[in-house]
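Here's the structure we're looking at; comments come further down.
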C-alpha cells in the first residue's frame, strides 16, 4: 500500500479531473442497475398482466437510462485520460529530473537500457493503476454494493444462498495476489533486460557488423526474450488456474439460485419477472468479483513497476552542502590536493584506487599526468568536479574546499575535453551552445574558429544548422572533438581537464586539435592526461602515477635527466634508430 499512497501525491494537481471521472463512473454504474428492474416490470405487469400502456413508459425509461449511461461514460473516459496523460508526464519528468542529479557511479553500475525501461515502461504501467485500476475498482465496488442491496430487497433467502461460494472466491483472490506479485516483479526485470540488450545492439551495430557477429547478438537478444517469455508464462499459468476457478465458483452460485428460485416460482412464492430480475442482478453482483480480480492484476503490475520507479526516486542524489560558501565573482584556479584517498565500490567489493595523493597547481599551470592504463590518472581529475566523493584528505580551489561550493558553481568553473567526444542529437550550433546557452552566434563562430572547427563546419550541408545525428554519428572523431573544444571555449572556465583528448584521432586532426587546445589552455589551470608524451613537453609539471600514487614529479627535462619511470615511458614511445625524436 505504500506505493499507492505515494502515487496519490502525484494525483493532487488532477484532483478535480479524478473526482469528475470517478463521479461519472459512480453515477453511470448506478444508472446501469436500473434496466433489470424495468425488465421485471415488463415481464410481470406487461407480458403477464397485459398492461400495454405501461410498455411505452418502460421502453422510454430504458432508452433514457441507456442514453444517460452513454453520456456519463464519455465524460468518464475524457477526464480519466486527462489524469492518465498528466500523471505519465509528471512522473516521467520527476524520474528523469532525479536521474540527472544522481552520481556517475549510479550509471556506471547499471545498464542504460534498464534505466530507460524504468523511465518509459514502468511509468506507463504505473499510470494504469489510475486510468484503469481506479475506475474499474470504483465501477466494480458500486456495482457490487448496489446489486447486493437490490438482491437483498428482492429476496433475502435467495441472496444468502447466492453467497455460498463467496468464501472460496475470496480465498482464491488472496492466493492469486500472493503468488503473482513476485512473478510480476520478475517480469518487469526481464523486460528491462530486453531494453538493455536492444540498446546495446543498436549502439554497437558497427562493431557487430565489422566482426560479423550478427548471429551472436541475435542469440543474446533471443535469450533475453525467452526470459521475458518465461516470466510472462509464469503469470499466465497462475491466472489460467485461478481465474477459471473463480468463474466456476460464481457460476455455481447462479446454479444454486436457479434451482431454488425455480422451485419458488412453481410454488407461487416468486414471480417469473422476479426470478429473471434476481438472476440479472446476480450476474451484475458476480461480474465485479471478476473485475476486482482484473483490478488486482493491474495493481500487481503497477506495484512491481512502482517499486522499480521509486527505487530510482529514493536513490540519494549527489551530496550538496545546504549552506554553501559565497564564492568570489571568479576563481583564479589554484588547485590543491592534500593527502587524497579514494576507494571505488564495485558491487560488494571495495578497492582503493588512490592513496595519499598530494600536489598543488598554481593559476595558469599546466599539470600533466602520466602512467599506465588503470593507474588512477582519470580518477584524480574526476574528483576535482566531484563526480565522486573522496574517502579522506581534501581538495581545494583558491583555498576553498570543493565540498563547500555549490555543485553547479563548481562545475561551471571547470571545463572538460574527453578522449571520446560526445555530441547530442541536434545541430552543430546547438552542441556548441551547450557550453553557454545564452551566447550569440558571433561568439559561437569565434569559439569555432579558435577550435579550428569553423572551416569544416562551413563545408557542411547546412553550415552551423547541420544535424550531427545521434552521438554525432555524421561527423568524424576529429570533427567531433573540435566541436567539443569549441563548446568548452565558449564556456571559458578558469580550470581545464583534458583527458587524452587527441588519442583517438589521426595525425592531421591531432595537429589541428593540439593548436586549439594550446589556445584554450592560455591563462588557465590545466590538467592533461597524456597519451602521446610529445604533447606535454611544455608542462609546468609532470606527475607520474603508479598504482594510485604519485611516484615522480618534475618538468619534462628534469625527469628525463634521471633514471625514472617517465624516462622509461618516453624512451619506449619515441626511441627510433638510437635517437629520441618527436612523433
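Heads up, the Cβ atoms here are built off N, Cα and C, so glycines get one too.
Per TrEMBL, transmembrane segment is recorded for 12-34 (among others). With a threshold of 8 Å between CB atoms, the same-chain residues lying at least 6 positions outside the transmembrane segment (12-34) that come near it are 61, 65, 68-69, 72-73, 75-76, 78-80, 82-83, 86-87, 90, 130, 134-135, 138-139, 142-143, 146-147, 150, 281, 284.
For 19-301, the entry in TrEMBL reads domain 'ABC transmembrane type-1'.
Positions annotated as transmembrane segment by TrEMBL: 54-79 (among others).
For the transmembrane segment (128-152), the residues of the chain that approach it from at least six positions outside its boundaries are 4, 7, 11, 18, 21-22, 25-26, 28-30, 32-33, 37, 76, 80-81, 83-84, 87, 158-159, 162, 278, 281-282, 284-285, 287-289, 291-292, 294-295, 298-299, 301-302, 306, judged by C-beta separation under 8 angstroms. Annotation comment: TrEMBL describes 128-152 (among others) as transmembrane segment.
Listed as Cβ neighbours of the transmembrane segment (158-177) (distance under 8 Å, sequence separation of 6 or more from its ends, same chain) are residues 148, 151-152, 238-239, 242, 245-246, 249-250, 252-254, 256-257, 260-261, 264, 278, 282, 285, 289, 292-293, 296, 300. Residues or ranges marked as transmembrane segment in TrEMBL: 158-177 (among others).
Summarising the annotation, TrEMBL assigns transmembrane segment to 238-260 (among others).
Residues or ranges marked as transmembrane segment in TrEMBL: 266-287 (among others).
Here TrEMBL flags 335-572 as domain 'ABC transporter'.
Long-range contacts of the transmembrane segment (238-260) within the same chain, counting only residues at least 6 positions beyond its ends with a Cβ under 8 Å from a Cβ of the stretch, are 157-158, 161-166, 168-169, 172-173, 175-176, 179-180, 183, 278-279, 282-283, 286, 289-290, 293, 297. Mean pLDDT for the domain 'ABC transporter' (335-572) in the predicted structure: 87.
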